[in-house]
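To start, the structure itself, in structure tokens.
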């Protein structure tokens, strides 16, 4: 039946369709699978990390969480994942997508996106944090304006010599400009993801714990291509020839979207926390 339909099409229609079909098939064939660029680093049994090639399920139950890491470290890039967090009741559950230097403790740099689960009917909070030389305490929290457990969304981190920008889909939600030495990450990052028990702090400041009767909790990741400069590749990762290094600032439309998201959805910003005494307000607070 499909062949009969195809044979009935006019030749000029086929000339238009076939190149498009070839492009779609080529793109599908070239799409990276998990093992191309990533490796399991926690919950490595088949119950807690389920590798389906173009998607990976990481699972939290009472016995364990799970996580994975990029095989390579990168010196700049536009890193992205399509993520769907645990649906429904997920209080106490933390899903993380982040960049980190190694070793992942002590004097390290890190850029965190942490999804803080919630009870039914309450919005999931996305907390971002930036560690520089082992010091964090730069948390910002927003209430997501959609249900991240209902469908996939794109979460992206642009990191180049000029700025670090966190995006949800195409909306910037955090901007750190490279304006002063020591106030901007400059060491190679690995890409990491994990799911874990954050009962002690994640939901309502730790008042609501993980309900293990509702376990397991599953987060799904897709899109394992990496748009980044390998730190061991020999090429300078600050080169202007790399496409993401050409993005030196947000466009006016992106700035408007950023301000709109911040004004409508921010629930906490370390810059405005009066309980923290800063000898000097961090540069990010002054410039964004």
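Note: Cβ is positioned from N, Cα and C throughout, glycine not excepted.
There are 19 other Cβ atoms within 10 Å of the Cβ belonging to residue 110 (active site, proton donor). Per TrEMBL, active site, proton donor is recorded for 110 (among others).
The active site, nucleophile feature in TrEMBL is assigned to 110.
Positions annotated as active site, proton donor by TrEMBL: 114 (among others). For residue 114 (active site, proton donor), other Cβ atoms within 10 Å of its Cβ number 20.
Residues or ranges marked as domain 'GH16' in TrEMBL: 10-221.
According to TrEMBL, the feature signal peptide maps to 1-31.
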